[in-house]
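In what follows, a single structure is set out as structure tokens and then discussed.
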Amino acid sequence: MFIVANYSLAVFFCVITMLCWGSWANTQKLAAKTWRYEFFYWDYVIGVLFFALIAAFTLGSHGEQGRSFLNDLAQADTKNIGSAFLGGVIFNAANILLSAAIALCGMSVAFPVGIGIALVLGVVVNYFGAEKGDPLLILLGIVLITIAIICNALAYKKAQVGAQKASAKGIALSIVAGLIMAFFYRFVAASMDLSNFESPAAGKMTPYTAVVIFATGIFISNFLFNTIAMKKPVQGTPLSISGYFKGNFKTHLVGVLGGMIWCVGQSFSLIASGKAGAAISYGLGQGATLVSALWGIFIWKEFKQAPPAANRLNLGMFVLFVAGLIALICAGS
């Protein structure tokens with residue numbers, strides 16, 4: 001299988017993760033205007049599993065080092081398979097709760113609260129799960145990125161005219177989503193032998209196998225979580241699964257593409273974690289919130305008519321974001 005050989009390449013993979021995690025949601029803008037998020041999410045989940053399998057049978061099955069996907073899957077023990085699967089279930093629950101929170105209180109509130117908690121708590125959980133990197137630099141990087149997320153949220157608030165009022169229920173959902181999301185990566189990382197991808201311990205899985213099990217957890221749990229979201233939506237009318245089959249090929253394709261893009265990021269993050277460490281891989285990846293903000297600023301022109309204060313906040317966001325990334329990169333060098 002393909003293995004990252006050095007720290008510099010691991011950092012590059014983490015940057016790709018950040019770009020993927022911060023960009024996949026743009027595919028939703030390409031779907032039909034009347035296409036509800038709950039329907040889009042089915043295609044997204046299919047895309048995640050589809051790319052996980054592609055990676056497993058290509059990068060995860062060729063090369064002289066490590067174990068090939070099928071051989072690795074055959075020897076993996078139940079505990080590690082269950083850990084990666086649970087990681088997928090946890091991620092899916094958190095992601096759907098965060099989507100509901102966005103519908104209730106808007107991106108500018110739900111994202112900094114939910115992802116901010118997931119970023120800070122997640123890095124702490126992953127660091128103590130597998131200590132690697134300078135803890136002070138990791139802490140500095142996380143603090144800087146968290147402040148950058150808050151700056152972006154404040155900029156969105158200033159740019160929005162007549163913005164929706166943040167409901168107590170929406171904020172509560174954001175907090176719960178963040179607390180849950182902080183733990184998904186640790187369960188997946190725990191199923192792998194992070195110290196030796198070349199010759200993993202018996203029973204442990206390679207990153208490629210772990211991603212497939214993780215994606216399977218997302219896919220299977222979606223029949224529960226997304227069905228509930230469709231029957232009891234926080235916004236709009238309840239949906240029937242029959243509506244999903246009324247979407248055209250392009251609409252379904254962009255959802256699958258969105259899932260594949262996200263899974264590229266997840267795969268690269270786990271592949272890089274052997275050299276970078278789980279805390280740094282996860283922390284760099286969660287900087288994706290700021291990548292999505294840059295899409296909004298430069299591509300979707302969300303701040304075209306914003307007041308000067310919003311632009312100053314976005315500039316501060318960018319500076320803090322870059323400084324935070326540099327601190328995280330230096331933490332593992």
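Just so it is clear, glycine is given a Cβ too, placed from its N, Cα and C backbone atoms.
So that you can see what the record holds, here are the features copied from TrEMBL:
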type	residues	note
TRANSMEM	6-27	transmembrane segment
TRANSMEM	39-61	transmembrane segment
TRANSMEM	81-102	transmembrane segment
TRANSMEM	109-130	transmembrane segment
TRANSMEM	136-156	transmembrane segment
TRANSMEM	168-188	transmembrane segment
TRANSMEM	208-230	transmembrane segment
TRANSMEM	251-273	transmembrane segment
TRANSMEM	279-300	transmembrane segment
TRANSMEM	312-331	transmembrane segment
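Only residues 6 or more beyond the boundaries of the transmembrane segment (6-27), in the same chain, are considered here, and those with a CB under 8 A from a CB of the stretch are 44, 254-255, 257-259, 261-262, 264-266, 268-269, 271-276, 280-281, 284-292, 294-295, 299, 329, 332-333. Outside the transmembrane segment (168-188), and at least 6 residues removed from its termini, the chain residues within Cβ reach (under 8 Å) are 83-84, 86-88, 90-91, 93-95, 97-98, 100-101, 103-106, 109-110, 113-118, 120-122, 125-126, 129, 210-211, 214, 234, 269-270, 278, 282. In this chain, the transmembrane segment (208-230) touches the transmembrane segment (81-102); three or more CB pairs sit within less than 8 A of each other, excluding pairs fewer than 6 residues apart.
Sequence-remote contacts of a segment are chain residues at least 6 beyond its ends whose Cβ falls under 8 Å from one of its Cβ atoms, and for the transmembrane segment (279-300) they are 10-11, 14-15, 17-23, 25-26, 29, 111-112, 115, 118-119, 122-124, 126-127, 130, 132-133, 138, 141-142, 145, 148-149, 152, 185, 265, 269-270, 272-273, 314, 317-318, 321, 324-325, 328-329, 331-332.
Two recorded stretches are said to be in contact when at least 3 C-beta pairs lie under 8 angstroms, sequence spacing 6 or more; the transmembrane segment (39-61) and the transmembrane segment (208-230) meet this definition. For the transmembrane segment (136-156), the residues of the chain that approach it from at least six positions outside its boundaries are 106-109, 111-112, 115-116, 119-120, 123, 127, 279-280, 283, 286-287, 289-290, 293, 302-303, 306, 310-311, 313-314, 316-318, 320-321, 323-328, 330-331, judged by C-beta separation under 8 angstroms.
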